[in-house]
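Below: one structure, written as structure tokens.
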Amino acid sequence: MPVPLPHLTTLLPLLPLFLLPAVAWCQAGGQFDLCRSLRGSEAGPGWELYPCQPPPANMKEVMQIRVDPPGITCGNPPERFCTLENPYLCSDECDASSPDLSHPPQLMGDRERGGLITYWQTVTWSRFPEPLLANITLSWNKSLEVVDDIVVTFEYGRPTSMVLEKSMDKGVTWQPYQYYADDCLEAFGMSPKRVSDLAPSNLTRVICTEQYSRWVGAKEERVVVFEVRARFGVFAGPKLINMDALYTRMETMKGLRDFFTFTNLRLRLLRPALGGTYVQRDNLLKYFYAISNIDVPARCKCNLHASQCVLRDATLQCECDHNTSGQDCQRCSRGFESRSWRPGSYLPLPKGTANTCEAAETAATTQKILIPGGPKFSQLSKIAYVTFQDCECNAHSNRCSYIDFINVVTCVSCKHNTRGQSCQFCRLGHYRNTSLQLDHQDVCVECGCDLQRSVSPHCSDSGLCQCRAGATGRRCDACLPGYTWRGGVCTVNVCDEERLICQNGGTCVDLQRCICPDSFTGVFCEKRVCLKKGGCQDDSEGSSSSLTSHLYLLTLGLLCSTH
């Protein structure tokens, strides 16, 4: 169940609780904090307009939290657990029915008072070797721009492996933000890197880091960080003094501003802390996840058309200026559409450009079209006169064309990946984001189907790609459990380390075959080699071997029929 937003009705910028100390991307002497100022001139006083943005806030105060799968939170039923530092003193208890012993999801975003630490906690890994997986989805229902490091604090050890993901379309599609593991190559097939290894040209690269996953003690190192300040420092310097350089890059480097933009974040916890050793099957009560705090320093994204952001009916909303409107000030207000909408710009420094929407002139938007045989037929001229105001193109085009032989006015040169008579459909290879209005510039989302693992680059109306055999995922960008990407296809595994385990000391090679000791043979090394005639005719062994072989064939058949 989502955790409801707190009841807030005042402006976010006016809440002292939300305001952060000097953080990146809001320094430089209060730049871009005003949308307009009154200036005097010979013609009289008038407004001078500037690009503007709301101040940053700790967005954990207004985030919705959802954890999956159902039942992953501990306490129902009550269970005991112990810590990695005291693995055999399992006297702690989690009980959802007791306020003092429960650890619900909302404790990841609460304000801790009086030194009392509260935290969310999962069930223990009692079902090992079944993976202990948990997803934590943070939602704001609004585009945000991160302005400082995202910090996740774990109470009893950081995960051995996890992924931070983001969505820019309110959870419809997801993309990785950063991978974390104690062994990146083993966990994700990626070479380990740090943000300090990145250059200006590849600053938006998604990396895997081992910096926040190595075991050094549950209490010594508790945080996992997505480093934003260090990325800003690549352009602005280590102390973020040269903010003008950062603002310039934000405008000129493709994809940089989008990299720091999101509507949702998701933590995928893949493997809990192990205490620097292998999993000890005799004591599984010490393996679990526990998070005490998540800090998300960010600001409302208003496309540089608003200096304030409000929480209205539990939804964040920019207080738009510059004759713009929409939740993100992403379009021109009605009557101010004489030119296409554009976001504000930091350039030229130091004041930037507001890119204000301007009032449309009636004479320029009203025209007469002569339509032979039209609805207003004149006996004298045999001509009908039709007058219309604007092209009905849902703000995706301002050009129309009349097709005389079918008596239809249609939009021309639809933008934003739209098509149709009124630019009301999405182009092939795109699908409609139903959470946005039809006139939103991002209403059509690219399918992004994996060209090797999907049947075609097109997707369904809900954005689902049609996957080839063995592939899965919204974009068919992953292989099903029991399959591995090999040779350009998802290939079924013959063996692995979890379900199809090589027996009798055998070793699984490339998930395709078991290398058996000299005294055993078979797909799973389940058969004893007969060295002497009649030496392996023990009925019990033969029955066991035969049964194992049949079980393998049955398992493989079930896998194939399922997928």
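First residue shown is number 1, and so on along the chain.
Glycine is no exception: its Cβ is also placed from the backbone N, Cα and C atoms.
What TrEMBL says about a protein is an automatic prediction, not a curated fact.
Summarising the annotation, TrEMBL assigns signal peptide to 1-26.
TrEMBL lists 48-299 with the feature domain 'Laminin N-terminal'.
Annotation note: Cys447 (disulfide bond) sits in a coil segment as assigned by DSSP. As annotated by TrEMBL, disulfide bond applies to Cys447-Cys459 (among others).
Annotation source TrEMBL lists domain 'Laminin EGF-like' at 447-492.
Around Cys467 (disulfide bond), a 10 Å sphere centred on its CB holds 23 further CB atoms from the protein chains shown. Sequence annotations record features per position, and here TrEMBL assigns disulfide bond to Cys467-Cys476 (among others).
The annotation domain 'EGF-like' is assigned in TrEMBL to 491-526.
As annotated by TrEMBL, disulfide bond applies to Cys516-Cys525 (among others). Listed in sequence order, the residues of the same chain lying 6 or more apart from Cys516 (disulfide bond) and placing their CB within less than 8 Å of its CB are Cys502, Asn504, Gly505, Gly506, Gly522, Cys525. According to its DSSP assignment, Cys516 (disulfide bond) is coil.
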Cα distance (Å, whole number) from Cys459 (disulfide bond) to Cys476 (disulfide bond): 11
